[in-house]
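K.L.:
This is the structure, below, for whatever I ask next.
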Amino acid sequence: MSNIVDTAIEAIVAREILDSRGRPTIEAEVHLLSGAVGLAQVPSGASTGTFEAHELRDKDKSRYGGKGVLKAVHNVNEVLAPKLIDLDAINQELIDRTMIALDGSGNKSNLGANAILAVSLAAARAGAASLGIPLYRYLGGPLANLLPVPLMNVINGGAHAANNVDFQEFMIVPVGATSFREALRWGAEVFATLSEVLHDKGLLTGVGDEGGFAPNLESNQVALELLVAAIEKAGYKPGEQVALALDVAASEFYKEGQYVYDGRPHAPTEFIDYLGQLVDQYPIVSIEDGLHEEDWQNWQLLTQKVGSRVQLVGDDLFVTNATRLQKGIQEKAGNAILIKLNQIGSLTETLETIDLGTRNGFRSVISHRSGETEDTTIADLAVATRAGQIKTGSLCRSERVAKYNRLLRIEDELGDRAVYAGAVGLGPK
């Protein structure tokens, strides 16, 4: 059992670093009296929900085009650190509630969600290090043994790529694998085969922010056809072994009550019918942000139409916020929630939102952001919470692969206790 003297916070240090897009982000270290240290880095999104917690940027055009985070770094070093020194790192909720109270706003706009989250995650890592246990075990206890099904973003569009594709992500989902290691191999083989399929058709094989290919395509259906072709060419059965998933990111092309895709506006009911047709025609198991983040009435209609056949994930809709998730539960809008740590800005609030969803039959998908770092916290979080699903990009770009490799290590550590979510029917449905 830990001694509070040993696990007391001795020092907190933050610095400005770069994310995978070459933009500044914040890194924090939490040092304990025992000598244990926790290090955490915070990601940043491109397609952001209106209701996300506030990411504090400097807006000084003379540095990084105004995207610097020196204000957030200052807030950690000069505002948060003095109030957190001597607190017990094991008491995660006390640390997080103290920071939230110091900020005093409803969306962390005073000190910055990026500042608060960096310290929150670093404190958790320091706590785990002080006990000599991995982060997933520290957060999840002895039941943390479920390896997630990866939703692998292999064709990028929308805000994640400089192409003409409307939907933001087209994903492959190795639901039929028996282990995470096998699932990762299947995904990597399909990804490599997709490169060949694109090349044979004279399409570009450059990649977007999340490591997926970003070709110009005639329609969203063409992207789905390419994925089915790649799955089959790689030697797998579409749907049975490797399924498909979409991140529509519909808020990005919602204009004046209409959904503008394929070059023209469509009424919400027409768009819902279109999504239903895609579910009928392709082995799709999950659709994320199928409608605008404030289009609650039509979210209900979409859920009534296809919610029994496919997972409907709220990202911009819920923004990892328990209050918005509660509204979705009450209104029967969607049936799953995307979990992004920096949307809410603390580990405690993230875990509370996951718990709320679980208690009400909503599945959780633990997710990265398009602007990532080498930080692998979300891999441990997925196992700790038994979420059963993770989104962390494609099968290239080291900031994406780092999370997959972390999950491989966790699976090895767990040994015979490791269970792959897809093998026991706990992946997306």
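Using the three backbone atoms N, Cα and C, a Cβ is placed for every residue, glycine included.
The model shown is predicted, which means the values in this text are computed figures rather than measured ones.
Sequence annotations record features per position, and here Swiss-Prot assigns (2R)-2-phosphoglycerate binding site to Gln168, Lys340, Arg369, Ser370, Lys391 based on sequence analysis. What Swiss-Prot records for Glu210 is active site, proton donor. The annotation Mg(2+) binding site is assigned in Swiss-Prot to Asp247, Glu288, Asp315. What Swiss-Prot lists as active site, proton acceptor is Lys340.
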K.L.:
Going along the chain, which residues six or more apart from Arg369 ((2R)-2-phosphoglycerate binding site) have their CB under 8 A from its CB?
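P.N.:
Arg369 ((2R)-2-phosphoglycerate binding site) has long-range Cβ partners Pro43, Ser44, Gly45, Ala46, Lys340, Asn342.
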K.L.:
Measuring CA to CA, name the entry from the recorded positions Gln168, Glu210, Ser370, Lys391 that ends up nearest Asp247 (Mg(2+) binding site).
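P.N.:
Nearest listed residue in space: Gln168.
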K.L.:
Between all pairs in Gln168, Lys340, Arg369, Ser370, Lys391 (listed as (2R)-2-phosphoglycerate binders), what's the biggest Cα distance, rounded to the nearest Å?
P.N.:
17
K.L.:
Pop the Cα-Cα gap between Asp315 (Mg(2+) binding site) and Ser370 ((2R)-2-phosphoglycerate binding site) into the table, whole Å please.
P.N.:
13
K.L.:
What's the number of neighbouring CB atoms sitting within 10 A of the CB on Gln168 ((2R)-2-phosphoglycerate binding site)?
P.N.:
29
K.L.:
Hey, what's the Cβ neighbour count for Asp247 (Mg(2+) binding site) at 10 Å?
P.N.:
28
K.L.:
Enter the number of other CB atoms within 10 angstroms of the CB of Lys391 ((2R)-2-phosphoglycerate binding site).
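P.N.:
Result for Lys391 ((2R)-2-phosphoglycerate binding site): 30 neighbouring Cβ atoms inside 10 Å.
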K.L.:
Helix, strand or coil for Lys391 ((2R)-2-phosphoglycerate binding site)? Use DSSP.
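P.N.:
Once the DSSP labels are grouped into three classes, Lys391 ((2R)-2-phosphoglycerate binding site) ends up as strand.
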K.L.:
Once the DSSP letters are reduced so that anything not helix or strand counts as coil, what is the residue listed as 'active site, proton donor'?
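P.N.:
The residue listed as 'active site, proton donor' sits in coil per DSSP, no helix or strand.
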K.L.:
With DSSP assignments reduced to helix, strand and coil, which class does Gln168 ((2R)-2-phosphoglycerate binding site) get?
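P.N.:
Once the DSSP labels are grouped into three classes, Gln168 ((2R)-2-phosphoglycerate binding site) ends up as coil.
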K.L.:
Within its own chain, what residues at least 6 apart in sequence put their Cβ under 8 Å from the Cβ of Asp315 (Mg(2+) binding site), listed in sequence order?
P.N.:
Gly49, Asp247, Ala249, Glu288, Asp289, Leu338, Lys340, Ser367
K.L.:
Neighbour count, 10 Å Cβ-Cβ cut-off, for Glu210 (active site, proton donor): what number do you get?
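P.N.:
Looking across every protein chain shown, the total is 31.
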K.L.:
What whole-number Å value do you get for the CA-CA distance of the residue listed as 'active site, proton donor' and Gln168 ((2R)-2-phosphoglycerate binding site)?
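P.N.:
So the Cα of Gln168 ((2R)-2-phosphoglycerate binding site) lies 11 Å away from that of the residue listed as 'active site, proton donor'.
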K.L.:
For the recorded Mg(2+) site, whose residues are Asp247, Glu288, Asp315, find every other residue on that chain with a C-beta no more than 8 angstroms from the centre of their C-beta atoms, and list them by sequence position.
P.N.:
Gln168, Glu169, Leu246, Val248, Ala249, Ile287, Asp289, Val313, Asp316, Leu338, Lys391
